[in-house]
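J.: Below are the features listed in TrEMBL for this protein:
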BINDING   HIS110, HIS112, HIS176, ASP207  Zn(2+) 1 binding site
BINDING   ASP114, HIS115, ASP207, HIS266  Zn(2+) 2 binding site
DOMAIN    69-267  domain 'Metallo-beta-lactamase'
Amino acid sequence: PDLSVVSVHMKLTENNEAAIPDEEKLERTLPVHKINTDGQKKLEKPTDPIQFMWIGHSTFLVQFDGLTVLADPVFLYRCSPVQFAGPYRYRPVPCEIEDLPKIDAVIVSHNHYDHLEHDAVQKLNTRFSQIKWFVPEGLESWFRGYNCQNVTEMTWWDEASIERPDVKICCVPAQHSSQRTPTDAMKSLWCGWIIKSKTHTFYYSGDTGYCPVFKIIGDKYGPMDLSAIPIGGYAPRNFMKPQYISPEEAVKVHTEVGSKCSIGIHWGTFGPKQNFNLASSAKSSMVKDDVNRNRDDRNPFIIHSNGCVTTAIRL
């Protein structure tokens, strides 16, 4: 089927077809750790070699070697062109943009509404005047339209320096799609990102189907000290498989890129239909079994809590 039609249907559906439970059960199964004073101190003055915070869905903050990078910023209640219809949050954000430390750079994987939000872009650009934006080919003009000045548009295998010469950012392939309006399908690229310093490497896969490129990425840039890899929104497989990896495939990606520690993203946030089957029983479900079936405790793949500021070294 036409994935754009499926996407529109999913965005407009409001029925609770995923049987999202009441707030009490959500608090037990999917706790959100609202940022507190201690968490903000950790973010403002990191003491660990590499630390991260999963903000929800695919929004992810990572800090290492004096650098703070935010991936795919989305903070509104709905990931939609409008706030009166479309997929809504059944778990809130753990923080607001006002709570974030100084952001040096933002990486954007593609232009779908659950990965790119105009409101977040405007707020980040206003709050951090020197912020750098790294975006896939075809999106620079969109960001310029929101008065973003430091925009670097990249295509697969491009490399650039980020913040200082000893840290490079690399745009790497993913198997996905792009569309934001009825007329712009596939007119901009989609990608993953590598951020590599002398001491640490971070991999953000973006949305992707499974394909042979992950072994190539691992050979070229690995091993990865920390990776953020999607584990939700992958069903039904008959039409989602080309663009969304399953939890079992996520473990393969984790292994093939040589990740020492991976965090599952793209789950447990938006409903009603996209990924609640994973979120509803994250502690005991078959999905978690899939993630952990081939788990190597020396190189863990973690289903992590939303909002915790965590060091990757101690996981």
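Glycine is no exception: its Cβ is also placed from the backbone N, Cα and C atoms.
Automated prediction, rather than curation, is the source of TrEMBL annotations.
Keep in mind the model is a prediction, meaning the values are calculated, not measured.
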J.: Name the residues of the same chain, 6+ apart in sequence, whose Cβ is under 8 Å from the Cβ of ASP207 (Zn(2+) 1 binding site)?
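T.: ASP207 (Zn(2+) 1 binding site) has long-range Cβ partners SER58, SER109, HIS110, HIS112, HIS115, ALA174, HIS176, TRP190, PRO230, GLY233, GLN243, TYR244, HIS266.
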J.: These are the binding-site residues: HIS110, HIS112, HIS115, HIS176, HIS266. Which one scores highest on other Cβ atoms within 10 Å?
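T.: Ranked by Cβ atoms within 10 Å, first place goes to HIS266.
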J.: Taking the centroid of the Cβ atoms of HIS110, HIS112, HIS176, ASP207 (Zn(2+) 1 site), which other same-chain residues have Cβ within 8 Å of it?
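T.: Other same-chain residues near the Zn(2+) 1 site: SER109, ASN111, HIS115, ALA174, SER177, SER178, TRP190, GLY206, THR208, GLN243.
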